[in-house]
Amino acid sequence: MWHAKSREAVLQELQVNKATGLSSQEAKVRLDKYGANKLKGKPKKSMAALFFAQLKDMLIYVLLAAAVVTLFVGEYMDAVIILAVVLLNAVIGVFQEHKAGKAIEALQQMTTPRTLVRRDGEVREINSEEIVPGDIVILDAGRYIPADLRLLESANLQIEESALTGESVPSDKEADARLEDPKTPLGDMVNMAFMSTLVTYGRGEGIAVATAMDTEMGKIAKILDEDARELTPLQKKLEELGKILGYIAIGICVLIFVIGLIQKRELFELFLTAISLAVAAIPEGLPAIVAIVLALGVTRMSRINAIVKKLPAVETLGSVNIICSDKTGTLTQNKMTVVKYYTATPLGDELPVELIKTLVLCSDATYENGEGTGDPTEIALVAYGHQNDILKRSLEAEYKRVSEKPFDSDRKLMSTLNQTREGYRVHTKGAIDQLLRICTSAVVDGEVVPLTEELEQQYLDAAEKMSDDALRVLGAAFKDTDRLLSPEEMEQDLTILGFVGMIDPPRLEVKDSIREAKMAGITPVMITGDHKNTAVAIAKELEIAASIEQSMTGAEIDELADEAFAQKIKNIRVFARVSPEHKVKIVKAFKAQGNTVSMTGDGVNDAPSLKFADIGVAMGITGTDVSKGASDMILTDDNFTTIVQAIREGRNIYANIRKTVIFLLTCNFGEIVAILASIVFFWPLPLLATQILWINLVTDTLPAIALGVDPGEKDVMKKKPRDPKESFFSGGAATGAILGGLLIGALTLVAFYWGLREHGYGLRASDIPEDVMIYARTMAFVVLAASQLFYSFAKRSDTKSIFQIGLFSNRILVGAVIIGLLLQFVSISVPFLAAAFKVQNLSFADWGVVIGLSLIPLLINEIIKVFGRMSRAKAA
Ligand code: ATP
């Protein structure tokens with residue numbers, strides 16, 4: 001019962017020194033002993049389980065039944081081929097699922113929470129999974145508690161424990177509390193912090209007393225269900241579409257079977273053909289292909305520093321038309337330097353010592369040997385002190401901090417209470433406008449005088465001037481007292497000392513990204529807690545805004561009703577002095593205007609706006625665990641440019657899914673056309689069941705995946721964002737698929753006819769010898785496969801020719817098509833395979849004929865594109 005023990009007893013029992021923490025070696029020993037600090041999940045599916053899962057499919061049962069029938073009839077070769085197809089299909093399915101799962105898992109790994117611990121005498125950030133009992137854990141607002149901790153220190157620490165207790169109001173924590181009763185309920189253990197709960201305010205330190213399944217969370221955790229896989233809207237739509245098409249395909253197959261029966265065709269052959277056609281035509285591979293395209297896509301995105309946490313975000317990214325971005329760190333470098341200061345009386349060459357002292361004492365950052373840690377704003381302040389020989393370390397030794405009120409972005413202030421020789425002094429720093437509100441006096445000529453309106457205006461004017469130069473302004477104030485004040489009492493009746501101005505240069509690459517975004521029909525919007533003038537100055541430099549009229553402050557937002565605000569928002573590019581609540585309002589207003597909005601955030605209070613946005617973007621470096629948890633995407637480099645790049649990738653991935661799906665549907669339709677037409681017109685079947693299965697395998701896998709990873713068109717970012725309501729088949733895609741399918745089917749029949757004709761038979765002849773049939777079918781077999789393979793090139797772009805887009809710019813597709821053609825060639829020229837598939841090698845001239853026929857769909861598609869380009873040029 002750790003809560004009932006004193007801090008010393010706990011430290012003693014777990015054998016650790018609070019000041020230095022565990023040594024790395026000791027931590028390693030303990031990690032081996034206690035295991036990784038994570039809750040047990042469901043055991044992962046083995047490869048074998050994945051494989052058998054693939055076989056649990058209606059279509060597979062049908063095929064297996066067909067295999068049994070072929071065995072009974074004595075067509076052993078057919079049975080072998082059908083079984084081989086079933087097997088191959090399952091293996092490919094396993095591979096795709098495995099690969100997709102791996103990619104997602106790798107992404108999850110990248111987003112596992114990290115924790116600050118003290119080890120070997122220094123503070124380090126490590127993966128939360130590496131925490132061991134005895135680790136000294138440092139807590140600050142926004143972090144998840146990584147293990148069960150006995151608190152050692154707390155400064156206004158508040159922890160939200162709803163994950164454990166269901167209570168969503170944060171509980172106050174107190175490291176000093178002595179709880180005697182060993183039966184204290186969890187919710188009342190104020191000197192403990194529990195795994196998976198969340199620090200919402202304040203700071204603290206604790207010692208890990210239980211990890212992994214030994215924690216309170218571990219005790220109640222049901223085995224985590226890792227199977228809950230989220231489908232994207234598109235995946236859901238395609239799944240529905242697949243079902244409908246599946247029923248249609250089955251209908252057609254039944255139809256073919258019935259017509260064939262009436263025509264008194266050979267029953268067994270008809271049965272097999274109908275089944276194979278069903279297998280070929282039902283787009284059962286669609287979900288798998290889409291899943292792998294998405295998985296490969298998000299893996300690519302993680303390489304450009306954008307980690308997609310929720311798959312649906314990939315699709316939504318393509319329709320984003322507003323990017324709301326924080327300023328500090330995302331648009332700027334977050335490398336701050338103090339360059340100016342202001343006090344009511346000019347000091348000349350003298351240093352504003354008191355001003356600097358307050359700013360340094362009221363900072364949590366450190367600056368040693370030219371290296372800073374902590375919040376960049378504070379690092380700048382401590383470094384500024386350092387430059388002027390006002391060292392934080394010595395100041396703190398002299399004026400010990402006894403209490404504090406932490407910074408939060410709503411108040412935009414922070415205060416500390418430090419001991420002095422006579423008593424205590426409050427040091428407060430923050431946004432100058434907020435600060436002036438709580439000041440009643442000012443230091444003028446070394447004297448404390450009442451803060452008159454005139455004096456206040458003088459400060460504001462001076463601050464305005466600095467802001468106009470894009471400087472971030474931070475003020476300082478103080479008050480002396482003889483007693484220990486509560487945090488509530490600190491920020492009132494202060495004496496203002498002055499303020500400093502710091503530069504935070506814009507990120508160099510951001511300007512280009514903003515241009516690119518604008519070209520892509522996307523409006524970048526700056527959102528910041530900083531002063532309006534500072535924000536607008538930087539926005540102008542980055543070409544986000546052209547004038548101050550395009551900006552608004554949080555206070556101005558509050559004055560407007562929601563509707564009036566939604567009306568006005570169209571013209572606003574900069575929101576300044578906003579708090580996290582305003583961010584929610586901004587997102588809502590943009591969405592009310594029909595926009596698809598992405599919003600960045602890093603703080604504890606940013607979670608709601610990140611959730612509300614269509615794409616919530618969290619910062620990987622400076623972001624809190626809460627903001628990451630609420631986001632759809634994490635930027636590992638905190639950079640605005642990455643958002644634009646992610647949008648480009650998102651657009652590409654969507655386009656690639658579209659290409660793949662339409663390609664697959666076109667091919668399947670072609671197969672149906674060839675068989676259905678021959679049945680309806682009383683022609684012999686141009687393809688055998690095994691041949692259809694084979695072609696389906698060759699074309700539905702490699703070329704489809706290759707299209708799915710297409711590098712994409714260079715001008716994706718010159719188009720408008722996709723309307724989220726736009727149909728997947730817009731822009732004539734459905735017609736294109738139907739026409740393409742008709743063409744492929746017709747050409748297959750032409751090839752078949754050609755083969756018969758050469759040997760002097762027509763389609764209606766009743767006495768075609770077996771070897772002539774084999775020859776004609778071979779021609780149909782090659783044309784059906786090769787035309788699909790060639791056609792995949794045409795599908796890379798709806799508008800550009802295969803040469804404009806670069807014949808070899810998708811090497812994987814080139815490889816896939818070559819492999820497909822080779823497989824086709826091998827299957828008819830290797831005697832054993834040729835016998836199995838009932839095909840034979842073609843004459844040299846006929847190779848020419850089949851290749852020529854196979855190129856026609858590609859050629860026609862290219863010609864249509866030329867006409868399309870001409871008519872668009874005319875229209876423009
Ligand atoms: P962005 O919202 O673009 O990230 P920001 O960093 O300016 O910009 P906040 O961190 O919310 O936004 O800061 C808002 C204001 O609060 C700043 O302009 C500054 O005046 C003040 N401020 C920032 N950091 C501190 C701090 N550590 N202590 C006191 N005041 C601060």
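The backbone N, Cα and C atoms fix where each Cβ goes, glycine too.
Bear in mind that TrEMBL entries carry predicted annotations, made automatically and left uncurated.
Quantities reported herein were computed from a predicted structural model and do not represent experimental measurements.
Per TrEMBL, these features apply:
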- 1-75: domain 'Cation-transporting P-type ATPase N-terminal' (DOMAIN)
- 48-73: transmembrane segment (TRANSMEM)
- 79-95: transmembrane segment (TRANSMEM)
- 163-182: region 'Disordered' (REGION)
- 170-182: compositional bias 'Basic and acidic residues' (COMPBIAS)
- 244-262: transmembrane segment (TRANSMEM)
- 274-299: transmembrane segment (TRANSMEM)
- 661-685: transmembrane segment (TRANSMEM)
- 691-709: transmembrane segment (TRANSMEM)
- 729-754: transmembrane segment (TRANSMEM)
- 774-791: transmembrane segment (TRANSMEM)
- 812-835: transmembrane segment (TRANSMEM)
- 847-864: transmembrane segment (TRANSMEM)
Do at least three CB pairs under 8 A connect the transmembrane segment (729-754) and the transmembrane segment (691-709), leaving out pairs fewer than 6 apart in sequence?
-> no
Within the compositional bias 'Basic and acidic residues' (170-182), residues counted as helix, strand or coil by DSSP = 0 helix, 2 strand, 11 coil
In contact by Cβ distance (the transmembrane segment (244-262), the transmembrane segment (661-685); 3 or more pairs under 8 Å) | yes
For the transmembrane segment (774-791), the distant same-chain contacts (Cβ-Cβ under 8 Å, at least six residues beyond its ends) come to 663, 666-667, 670-671, 674, 686-688, 691, 695, 698-699, 703, 740, 744, 747-756, 758-759, 768, 816-817, 820-821, 824, 828, 837-842, 846, 849-851, 853-858, 861
Give me the mean pLDDT over the domain 'Cation-transporting P-type ATPase N-terminal' (1-75), rounded to a whole number.
-> 85
Beyond the flanks of the transmembrane segment (48-73) by at least 6 residues, Cβ under 8 Å | 79, 82-83, 85-86, 89-91, 93-94, 97-98, 268, 271-272, 275-276, 278-279, 282, 284, 689
Counting only residues 6+ away from its ends, which parts of the chain sit with a Cβ under 8 Å from the transmembrane segment (79-95)?
-> 47, 50-51, 54-55, 60, 63-64, 66-68, 70-71, 288, 689-690, 693-694, 697, 701, 836-837
Secondary structure content of the domain 'Cation-transporting P-type ATPase N-terminal' (1-75), with strand meaning DSSP E or B = 46 helix, 2 strand, 27 coil
